[in-house]
Amino acid sequence: MSHGWGYADHNGPQKWCENFPIANGPRQSPIDIQTKGASYDDTLKPLKLKYDPTTSLDILNNGHSFQVTFADDNDSSMLTEGPISGKYRLKQFHFHWGASDGKGSEHTVDGKCYPAELHLVHWNTKYASFGEAANKPDGLAVVGVFLQIGEDNPKLQKILDAMDAIKSKGKQTSFTNFDPTCLLPKSLEYWTYPGSLTTPPLYESVTWIVCKQPISVSSEQMKKFRSLLFTAEEEKACCMVNNYRPPQPLKDRKVCASFK
């Protein structure tokens with residue numbers, strides 16, 4: 001993005017409203033999910049996620065996170081049902097994480113932070129492209145998955161092995177034959193609410209689907225995330241850590257739960 005936003009004091013979340021006034025809008029993300037305030041909704045369907053590993057293309061350090069991009073020119077990697085109607089295609093996934101294991105997730109649950117959070121970003125195929133869908137109220141659906149410190153997660157290994165090739169901003173390498181289904185928790189019980197992108201331009205276009213059950217990551221694996229750099233090769237190195245936006249006010253929104 002232009003405007004040079006980031007996560008430092010001079011360009012971080014507290015300053016985003018200067019260039020992106022929607023930062024103070026009515027449906028901003030992330031939020032603190034207060035479990036007592038979330039209402040069970042028996043009309044919410046189970047999530048249906050069908051991903052085709054041949055659609056994964058490449059992995060990129062964009063100077064804010066790293067993302068794995070997918071071919072989205074047909075319906076082979078899709079999210080349907082859950083809280084959404086219609087079909088949403090997978091565009092990319094990325095993570096947010098902290099400088100230490102005590103924080104790093106964007107969403108929190110009853111004030112509890114996790115060390116990292118995975119976001120799988122999908123766009124509504126009633127629009128012609130991701131770009132067209134990105135600012136529409138029903139344009140995007142993002143599945144959020146918390147990472148919790150525990151056992152080494154072998155499912156993350158292929159991603160971690162690619163990190164050395166994308167250490168600095170602007171680096172990209174091919175990343176093929178990957179099925180992100182392997183990154184989902186066993187239980188797909190979720191909370192859902194209307195929200196926004198958590199990075200500029202902060203469009204209020206996201207149906208958030210936050211999985212209740214976290215996946216495992218070891219402290220050693222988290223160190224690999226933190227080995228990436230916010231900076232390009234020729235710049236003074238700055239470690240990619242704390243690339244998360246803090247929780248935003250819930251305002252007039254309701255959080256629904258797919259489970260009792």
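Even glycines carry a Cβ here, placed using N, Cα and C.
What Swiss-Prot annotates here:
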- 3-259: domain 'Alpha-carbonic anhydrase' (DOMAIN)
- Tyr7: site 'Fine-tunes the proton-transfer properties of H-64' (SITE)
- Asn62: site 'Fine-tunes the proton-transfer properties of H-64' (SITE)
- His64: active site, proton donor/acceptor (ACT_SITE)
- His94, His96, His119: Zn(2+) binding site (BINDING)
- Thr198, Thr199: substrate binding site (BINDING)
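Listed in sequence order, the recorded positions near His96 (Zn(2+) binding site) (C-alpha within 10 Å of its C-alpha) are His64, out of Tyr7, His64, Thr199. The number of other CB atoms found within 10 A of the CB of Thr198 (substrate binding site), across every protein chain shown, is 23.
Listed in sequence order, the recorded positions near the residue listed as 'active site, proton donor/acceptor' (C-alpha within 10 Å of its C-alpha) are Tyr7, Thr199, out of Tyr7, Thr198, Thr199. In this structure, the C-alpha atom of His119 (Zn(2+) binding site) lies 10 angstrom from that of Thr198 (substrate binding site). Using a 10 Å Cβ-Cβ cutoff, Asn62 (site 'Fine-tunes the proton-transfer properties of H-64') registers 17 neighbours. The recorded positions His64, Thr199 differ in how many other CB atoms lie within 10 Å of their CB, and the one with the most is Thr199. Fewest Cβ neighbours within 10 Å among the binding-site residues His94, His96, His119: that distinction goes to His94. In the three-state DSSP scheme, His96 (Zn(2+) binding site) falls into the strand class. Neighbour density for Tyr7 (site 'Fine-tunes the proton-transfer properties of H-64'): within 10 A of its CB lie 19 other CB atoms from the protein chains shown. In this structure, the C-alpha atom of Tyr7 (site 'Fine-tunes the proton-transfer properties of H-64') lies 10 angstrom from that of Thr199 (substrate binding site). A Cα-Cα distance of 12 Å separates Thr199 (substrate binding site) from Asn62 (site 'Fine-tunes the proton-transfer properties of H-64'). Between Thr198 (substrate binding site) and Asn62 (site 'Fine-tunes the proton-transfer properties of H-64'), the C-alpha separation comes to 15 Å. A straight line from the CA of His94 (Zn(2+) binding site) to the CA of Asn62 (site 'Fine-tunes the proton-transfer properties of H-64') spans 10 Å.
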